[in-house]
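This report refers to the structure that appears directly beneath it.
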Amino acid sequence: MIIVADTSAVLAAFDEGQPHHEAAEQIMETESLLVSPLVMTELDHLARREGGFDFAVEVAAALLVRFERGRYQLASIRYEDFATANQLRLDYRGLKLDLADTVGVALADRYDTNRIFTLDQRDFRAIRPLTAGFDAFEILPFDWDGQGA
């Protein structure tokens, strides 16, 4: 089952100074990820802020290789995804969710998964998946069994 990637965990996989670096790195090496363009934009911004321009370019290059090999997918965002994402922001107003997170929830629904690669447990433990049959998100690396895809 594909995993929807969130910015925090992808950054942790590339930055040894981030919490949960080793587990995040292992997940990126063994699992198939779906990455939204919003996550790519956030990731570039944070990687540049944390490690400089060269680090941000290295992160993008590493992801491009994975996209090219078919290991990861770059999600296309549809109007319906944005509409769903914005409604989620309203439904969970108290959490003050950002758009990248709620687009990730919408993509999880479209791709029929409840697996989210994130360090943001607060938000993703509070949000219920939209897909019938899933009561909660499986949050990696925290809920990961380490077995890989």
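Heads up, the Cβ atoms here are built off N, Cα and C, so glycines get one too.
Automatic prediction, not curation, is the source of TrEMBL annotations.
Over in TrEMBL, the protein carries these features:
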DOMAIN    3-127  domain 'PIN'
BINDING   D6, D101  Mg(2+) binding site
What average pLDDT does the predicted model assign to the domain 'PIN' (3-127)? 97
For the domain 'PIN' (3-127), the number of residues DSSP places in helix, strand and coil: 83 helix, 12 strand, 30 coil
